[in-house]
Amino acid sequence: MADTTPNGPQGAGAVQFMMTNKLDTAMWLSRLFTVYCSALFVLPLLGLHEAASFYQRALLANALTSALRLHQRLPHFQLSRAFLAQALLEDSCHYLLYSLIFVNSYPVTMSIFPVLLFSLLHAATYTKKVLDARGSNSLPLLRSVLDKLSANQQNILKFIACNEIFLMPATVFMLFSGQGSLLQPFIYYRFLTLRYSSRRNPYCRTLFNELRIVVEHIIMKPACPLFVRRLCLQSIAFISRLAPTVP
């Protein structure tokens, strides 16, 4: 009896915290489900046919999470242009659109990584809050894993941004290979411009600039053929014209 009494208040504290923050708890559960489905798609332990269904479930769960988060950020829905403009500034709206773009498309492993990693990062943050409510010294091994995940957050966000960027040519390739729709590259381009302009997550914009600097450094070397240099410079100029203006 003496061993079990301390666990009661700890567990009650965690449950009370989750009940007090019901919307955050609902998003936490949907993110954990997204991570679960994404993992079973990336690692098809139950077979390739089941993996495709887990791909769709992961995107649907992410759409639910994004919708809940958007409601949390903008609780008072209005059918107006001003509300839509405000919604398009939110990262949750971006990934609601992202989920809808890919949910009925041919399964692409690259497209599931942003969903998986964002869900993992946000779920880890809330899990730490639940553990804190349970007790400052509860489950030290899990806390250690969560701390390591947080320590690598910047690298993970850069990897997500890299996926977001290279999915643009991937959607074009899918179109010409017969695995994508005609509208998908255009809608995804709109998503990418929203990510480029994101106020809360500048990693997509930063990575674009870093890639441009790296390419320019390589093509300016004397060993680079002239036609390759011209092609790259024209491509950089074209992409720069497509980039939205960021205030």
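Cβ atoms here come from the backbone N, Cα and C positions, even for glycine.
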Practice problem: Decide, relying only on Swiss-Prot, whether Met18 and Gln56 lie on the same side of the membrane. | Solution: no
Quiz item: Taking residues 6+ outside the topological domain 'Lumenal' (122-155), which of them lie with a CB under 8 Å of any CB in it?
Solution: 10-11, 13-14, 16-18, 24-25, 27-28, 31-32, 35
Self-check item: Contact set, same chain, for the transmembrane segment (32-52): CB under 8 Å, 6 or more residues outside the stretch
Solution: 58, 61-62, 65, 107, 109, 112, 115-116, 119-120, 123
